[in-house]
């Protein structure tokens, strides 16, 4: 988990060219700690947060026990790396990654995934992101990608808005079995992130944009905030275990706006986001061979 954080940190600094990550080491009173790294006001990334944590305690919170009641009464150990990148250019999508490992007495599992949230959609980008993650999944089990892609579509869904957060990716949780094989799978998925995302950044970060595109980006960032504060399991877990609030909320965008009863104009790129890209579909099959 720490090497994943290290690799992504160094590559993102190279891509940004100006911004540098500031590291903040922290300890949790109940046990464990972590290292948060944040880049702000970079050339490419307006904010980029990459966190590693390794915490332990006497009992798991209700949000976990609802899913794994057999873990009740056992001390727990959790480690993981999470990341959210908020680019400056509205044509570059926001991206999220999280991979984690839980252990509570005799119970253990892996979870995580990565998903893409564009503001202005490009089929080429969505297809590339999904195809890269699919290849990482297929190397371990051809049933993984369709299963975890569907899970991602269902998980990153704003029920109160009745719309997906973005074009998805993969998501899995409470996965058990052969420890070594599942660990290797999670490792492959983590290593697939940079080749899945950086080509998109390189294609889009120099595209010209104006106030209209910036305002729409800030408006759509509001959906990110809503999901993270209302539905996200990681946020809920952190709050229920007395996690470090600065690290928990590091994923928030630096600027955001809400509009009352916003409706995109028909025939615009903004409308296309809703009509095409916020509709779950088989993106991987649309990748160029």
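Note: Cβ is positioned from N, Cα and C throughout, glycine not excepted.
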Stretch carrying region 'Important for dimerization' according to Swiss-Prot (options 188-223, 224-259): 224-259
Residues satisfying Cβ distance under 8 Å from residue 160 (divalent metal cation binding site), sequence separation of at least 6: 226, 230
Cα-nearest neighbour of residue 130 (divalent metal cation binding site) within the listed recorded positions, 96, 98, 99, 100: 96
